[in-house]
Amino acid sequence: SFDEVLDRIGGFGRFQKTLYVWICLPQIFLAFHMLVSVFTGAVPPHLCRSSQPVGDAPWLGLNNSNASWETCSSLQNVQLSQLNHSDLSLPISEHSTTSKSCKGGWEFSKDVFLSTVVTEWDLVCENATLNNIGSSIYMFGLLVGAVLFGALADKYGRKIIILIGLAAQVIFGVGAAFAPNFYIYVMLRFVVGMTVSAVIMNAFVLGTEWTGPKQRMLAGVITDYFFGFGYILLAGVAYLIPDWRKLQLAISAPGFLFLFYIWVLPKSARWLMANQKHEEALDLIHKAALINGKPLGDDDIELFQSLKKGEKLEDQRKYTVIDLVRTPTMRKQSLILFYLWFVNVLVYYGLSLNISDFDMNIYLTQMIFGLVEMPARTVTLFTLNRSRRISQLAFLATGGLACLLTIFIPDDLSVVRTALAMVGKFGITASLSIVYIYSAEVFPTVIRQNGIGMGSMCARAGGVIAPVIYLLRNSSHHAPMVVFGLCPLIGAALTMFLPETAHKPLPDSIEDVERTGDRLVGLDAAPQDPTGG
């Protein structure tokens, strides 16, 4: 197999290490685009000018002008005298929806942000939901991009799609910084979301296809570290650039530097062989072998070509996505894994995109949540070798319980609430890292790619729903955290019905999965001969 060829030329030699440098650098900017709405979509304290004000807004400490200002609540005939300063600082979603427009215009505090999309286009009161919907549309772009660019990459190759994704990301990202209205801004962000999927997905695949099986898990974690570094770095960049247009420009324009990837990023030899471009694949393999100092003979490559080509064609003709749910055991395991993908991304972005709810310094909270990424991804390297199932279950339960406990903490203990949310973020981040590996080991070889693809789509659906969950605050302030707590706990319970895959051979066929399922059912009933499927 191609993995044997990689072992011969070096599964993670100098060639692969250089490749991972090129793969990891864009991860920093992908993290910027994924999380920048925390700052560009922030909602500062705000008041409506009900008449000509005689002074500054109340948050500046000048109370002589209070009678000239109204909040969302007071626009619904609530007397301003009943509202104190703390009411004005509550998140906009805690105010009821107004049926009366603000005729005097909105005034926003500039203590933290000079401008955001909220202050630019008055996304408060009756327009507050547009901010959440805009985030969901961006996440929907990730889903569309995963489907579209996944198919295009299979047809045209990984490298060309990565290059197109990086170029489009710069163009539409810079364009978003100059958007004339909110709707064009959301449309441009939707396209940026598509390009993020194109780069993340195909960079991961390109790295995996060039890396030996023994080093793939470690290589994947290295990529995650760079995303985490971007997570942390964004807090500093946003602090230095409190204007949303300049911030959007700052995270997008440097993407022009990736122009040199046209010359340094290699194609996937595995994809070239699967698409019968043998000479180009051979040249790349010889180049990689030469860089790694382990030359490979032509006879070995030609033998691999004939074997691998026949195997891939046979698999593609026989199996489809329907086979994931055709048989009982495979159906049970597939549906559970799809739910785990969904809930991990739902809670991950539910916590990441709404850090302002924890009533602490938004930049400090962003940095802390980013720092949590590093140990969370590192600890999985040690726990996975013991048990995939127990690791998945334990981290899901940790994340769910921590989120659930935050609802019992009084609002004035914001440090405690943030600490619990940080534990929840730790658990969910570790769980999200595990589900990639666990899924690849549960799905049999013949439908593994289909299974991972469907799981990724379910994950993107969780990302689309995550910003909308916060609209539940209109009904109850604690509702979002209840959802983010209960959903992972349900996932932890469902994980008990999945097989253990640590130190076990991977299933190659659906029949292998069904035989294993039947054997487990039999063992639950009574001891049996282990050879009796």
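Every residue number used here counts from 1 along the chain in the order it is shown.
Cβ coordinates are placed from backbone N, Cα and C, and glycine is handled just like the others.
Feature annotation from TrEMBL assigns domain 'Major facilitator superfamily (MFS) profile' to 73-503.
Sequence annotations record features per position, and here TrEMBL assigns transmembrane segment to 20-43 (among others). Counting residues 6+ beyond its ends, the transmembrane segment (20-43) has Cβ neighbours under 8 Å at 91-92, 112-113, 116-118, 123-124, 128, 131, 134-135, 138, 166, 169, 173, 192-193, 196, 199-200, 203-204, 206-207, 219, 222-223, 225-231, 233-234, 237-238, 244, 247-248, 251-252, 254-255, 258, 261, 264-265, 352-356, 362, 366 in the same chain.
Long-range contacts of the transmembrane segment (136-153) within its own chain (CB-CB distance under 8 A, at least 6 residues past either end) are made by residues 37, 161, 165, 186, 189-198, 201-202, 205, 349, 453, 456-457, 460-461, 463-468. Among the features that TrEMBL reports, transmembrane segment is placed at 136-153 (among others).
Per TrEMBL, transmembrane segment is recorded for 160-178 (among others). Tertiary proximity for the transmembrane segment (160-178) is limited to same-chain residues at least six positions away from its ends with a CB under 8 Å from its CB atoms, namely 26, 29, 33, 149, 152-153, 185, 188-189, 191-192, 194-199, 202-203, 206, 245-246, 248-249, 251-253, 255-256, 258, 261-262, 265.
Remote same-chain partners of the transmembrane segment (184-206), defined as residues 6 or more beyond its termini with a Cβ less than 8 Å from a stretch Cβ, comprise 19, 23, 26-27, 30, 33-34, 117, 134, 137-146, 148-150, 153, 158-159, 161-162, 164-166, 168-169, 172-173, 175-176, 220, 223, 265, 268, 456, 460. For 184-206 (among others), the entry in TrEMBL reads transmembrane segment.
According to TrEMBL, the transmembrane segment annotation covers 218-241 (among others).
Positions annotated as transmembrane segment by TrEMBL: 247-265 (among others).
Residues or ranges marked as transmembrane segment by TrEMBL: 334-351 (among others). Residues 139, 324-325, 369, 392, 396, 399-400, 403, 421, 424-425, 428-429, 431-432, 435, 438-439, 442-443, 451, 454-456, 458-463, 465-467, 469-470, 480, 483-484, 487-488, 490-491, 494-495, 497-498 of the same chain lie 6+ residues outside the transmembrane segment (334-351) yet bring a C-beta within less than 8 angstroms of a C-beta in it.
Taken from TrEMBL, the feature transmembrane segment applies to 363-383 (among others).
Annotation source TrEMBL lists transmembrane segment at 390-409 (among others).
Residues of the same chain lying 6 or more positions beyond the ends of the transmembrane segment (415-439) and with a Cβ under 8 Å from any Cβ of it are 217, 220-221, 224, 337, 340-341, 344-345, 347-348, 351-352, 358-360, 365, 368-369, 372-373, 375-377, 379-380, 383-384, 388-389, 391-392, 395-400, 402-403, 405-406, 409, 451-452, 455, 484-485, 488, 498, 501. Annotated transmembrane segment per TrEMBL: 415-439 (among others), in sequence order.
Sequence annotations record features per position, and here TrEMBL assigns transmembrane segment to 451-472 (among others). The list of residues near the transmembrane segment (451-472) in space but at least 6 beyond its ends in sequence, with Cβ under 8 angstroms from a Cβ of it, reads 93, 129, 132-133, 135-136, 139-140, 142-143, 146-147, 150, 197, 201, 321, 324, 334, 337-350, 353-354, 357, 435, 439-440, 442-443, 479-480, 483-484.
Annotation source TrEMBL lists transmembrane segment at 478-498 (among others).
Here the transmembrane segment (390-409) has long-range neighbours at 340, 343-344, 347, 351, 380, 383-384, 416-417, 420-421, 423-428, 430-431, 434-435, 438, 478, 481-482, 484-489, 491-492, 495-496, 498, meaning same-chain residues at least 6 beyond its ends whose C-beta is under 8 angstroms from one of its own.
On the 0 to 100 pLDDT scale, the domain 'Major facilitator superfamily (MFS) profile' (73-503) averages 83 in the predicted structure.
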